[in-house]
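Quick look at what TrEMBL lists:
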ACT_SITE  Glu96  active site
ACT_SITE  His197  active site, proton donor
DOMAIN    15-102  domain 'Peptidase M4'
DOMAIN    106-272  domain 'Peptidase M4 C-terminal'
Amino acid sequence: MLANLVRKEGDPPSQDEAVNEAYDYSGDVYDFYKEVFNRDSLDDAGYPLISSVHVGDSFGGPMSNAFFNGRQMAYGDGDGKLFVRFTKSLDVVGHELTHGVVSRTSNLEYFGESGALNESFADVMGSLVTQWKNHQTADQADWYIGNEILGSEAKIKCLRTLKGEKAYENDPVFGTDPQPKHYKDLYTGSRDRNGVHINSGIPNHVFYQLAMTIGGYAWKKAGQIWYKTMLALNTKSDMKDAAKQSYIQAGSLFGNNSLEQQAVKKSWDVVGLPV
């Protein structure tokens, strides 16, 4: 996927907005992981963050997507109607690069509940890096994912929300947000690799509840618990494993029966998963 190198570390800004956005936001994500979690890039060993922009789809048209392919980032420009360029959103950049962190730590299998956890950690960290960059407290954040990449013909507010509400309902193009926010509503079908982007709504909402319960800057306490949990899980971990592990990590970080550990239990209870 590598093409012509147009901006490297230390270079002045490019004439291309997408290049500058990918460069700047990748830097923000690196700084976030380093300053908040003392993690040196994706592998904790200075892995270079490489991005390709203006990536087309397999038919030669514009790509309405962004992804991490295991080695580097790829960003499409969108169709200009429903989606604009995917480099415009820091939470999208943070989301995709977090897949790189997951692949080098817990390596959660991208299928079923483990895949939903993989997606959820990416959403949570994408949201947190945006809050960190903007100096937002939990109650100041919008908790939206992907609102900056929506085009003029998209009449929805965001692609996903970590809140208890739907991101969109009865939209003529997007339909209704399929994400559940309670374990009893877990999607059990076969599409979306058994619901990786669908069921991520459940742990997403747990983190939202945790951040709001603790209050303040979400990356300082709730984020620390989630980061340690992300590293402690394994390839086949499911949501019950995540609930148990986050409770353990909260106790390790803040003390058994601490307010933070109690908040973890309460947050998983909200979605029907006892620790």
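From the backbone N, Cα and C atoms, a Cβ is placed for every residue, glycine too.
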Any same-chain residues 6+ apart from Glu96 (active site) with CB under 8 Å of its CB? Would you list them in sequence order, or say none?
Ala66, Phe67, Phe68, Met73, Ala122
10 Å Cβ neighbour count around the residue listed as 'active site, proton donor'?
19
Using DSSP and collapsing to three states, where does His197 (active site, proton donor) fall: helix, strand or coil?
coil
Which state, by DSSP, holds Glu96 (active site): helix, strand or coil?
helix
